[in-house]
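Structure record follows, encoded as structure tokens.
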Amino acid sequence: MRRKRDSYDYVIIGGGSAGSVLGARLSEDKDKNVLVLEAGRSDYFWDLFIQMPAALMFPSGNRFYDWEYQTDEEPHMGRRVDHARGKVLGGSSSINGMIYQRGNPMDYEGWAEPEGMDTWDFAHCLPYFKKLETTYGAAPYDKVRGHDGPIKLKRGPATNPLFKSFFNAGVEAGYHKTADVNGYRQEGFGPFDSQVHHGRRMSASRAYLRPALRRRNLDVETRAFVTKLIFDENNSKKVTGVTFKKNGKEHTVHANEVILSGGAFNTPQLLQLSGIGDSEFLKSKGIEPRMHLPGVGENFEDHLEVYIQHKCKQPVSLQPSLDVKRMPFIGLQWIFARKGAAASNHFEGGGFVRSNDDVDYPNLMFHFLPIAVRYDGQKAPVAHGYQVHVGPMYSNSRGSLKIKSKDPFEKPSIVFNYLSTKEDEREWVEAIRVARNILKQKAMDPFNGGEISPGPQVQTDEEILDWVRKDGETALHPSCSAKMGPASDPMAVVDPLTMKVHGMENLRVVDASAMPRTTNGNIHAPVLMLAEKAADIIRGRKPLEPQYVDYYKHGIDDEKAGAMEDDPFYQY
């Protein structure tokens, strides 16, 4: 994978989730030459750490796969928080948990509230979600889900008896099962969609970029670290190309348009290095400002999560699969048949609920696992166990990203300000109490051998918050650090109608940094949707027709509307 020329119509910086979509879609126009520059390595088909779903814990913290970011000391947690980001073609879609969640329709209604953002409401986003999906778990008559897109989605199957008991425990706690968390009703408990197809990870690179590589007008260059943007000598706001380093050598490539798709960390960093950001801050780092956009690196959002772990009384969990002696058999089963414990991401089910009556739609997300193990591979000291991941979904805490110097290889200063507001603290206490209430229901009695973490000694609000401060981890959903918004918004960076950086020429942003607000759930699906929609904008194509559909609204619809029991197709 190498570039064949020195000038392109489009140069895409970043071959991650958004960059893979753009590379595939923009190269559909045969008269346009497209180059994707990826700083990481290729996602080789033989690389088990990428391709094997259950190996998802191994790339994180490994310098060959992960940029290994860290926040500064978080002021309200008293420690730094590790952030894994994909250093490989496919970006974080090549190392993430493979969970596919659109978010709640009301997330996008919130996106559309500001002036000029009306084309980002749910009706305008839904056709692009459908365009990217092939949803094998959806009913063939389901008009809300996609059935022939490049991202192949497996439903559940959540057949381990612990899943059924967890879903039933949710019902006993006063909630409902839902037919599809990505369909009419997000609120409730049920199987999740995962980006696993025929036992292999379905990354954005696998789905979009690799099938397009046969095109002569698409080039992909890996291990190409972009160090700066090139500007017109006579127009300081017109981008004409990029400079990148590969194998110690500097290269320059020219472009009619440059599209930043480096993600929520890399995109604002490169903008600031290029003189686009808060003018006074840039001057303090010895950088001449080109465009005063104080929102670059601000409005930073993320989801924080914790694991509540339990000992399992019956030998039905997947804990034995963590035994080193069993791993060769599990690995061989996957290599030769793409089956067995290694063929699943094991995030096969969970749920979304409202923690209080003041919120209009779910503010808590649960991932259930029939195993007790941390994301870094540290397992609980029990023969059998299970856990639930939980955290608030739309915290009002906001952080920032700022470069430390003019050196593009120096990692930026990152602070998310987790737990910085009273509302954030309140929702965290509610999250733990709601999760514990579900896990203590009768449906879990046959398996409940007692809480391992945080443990029965953690009970008061302050004890809960202390535990979250000590044990909380990022859910790896950074976003909104170069947000879309109208020019009238002083903190907006990207024009929502063109995806161009305000005040700049030939420069666009298409990735998670452009999200105006984070969504309720894992953010990979919204990033794919955003990139699909942006591709039509960039190509000057007529956008897909908006699709106005009903979706579940608490307090307006019958509380059982869209629940599993309403549709015989969905029974579990």
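Here the Cβ of each residue, glycine as well, is placed from N, Cα and C on the backbone.
Sequence annotations record features per position, and here Swiss-Prot assigns FAD binding site to 9-38 based on sequence analysis. What Swiss-Prot records for H477 is active site, proton acceptor, and it gives sequence analysis as the kind of evidence.
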Sequence-distant neighbours of V21 (FAD binding site) in its chain (C-beta under 8 A, six or more apart): L132, A204, Y208, L528, A531, E532, A535
Entry from the recorded positions list R25, H477 having the most other CB atoms no farther than 10 A: H477
Residue from I13, N33, L37 whose C-alpha is spatially nearest that of H477 (active site, proton acceptor), among the binding-site residues: I13
All-chain count of other Cβ atoms within 10 Å of D9 (FAD binding site): 16
Lowest local Cβ density (other Cβ within 10 Å) among binding-site residues: S17, N33: N33
DSSP three-state assignment (helix, strand or coil) for R25 (FAD binding site): helix
Local Cβ density at D29 (FAD binding site) - other Cβ atoms counted within 10 Å: 16
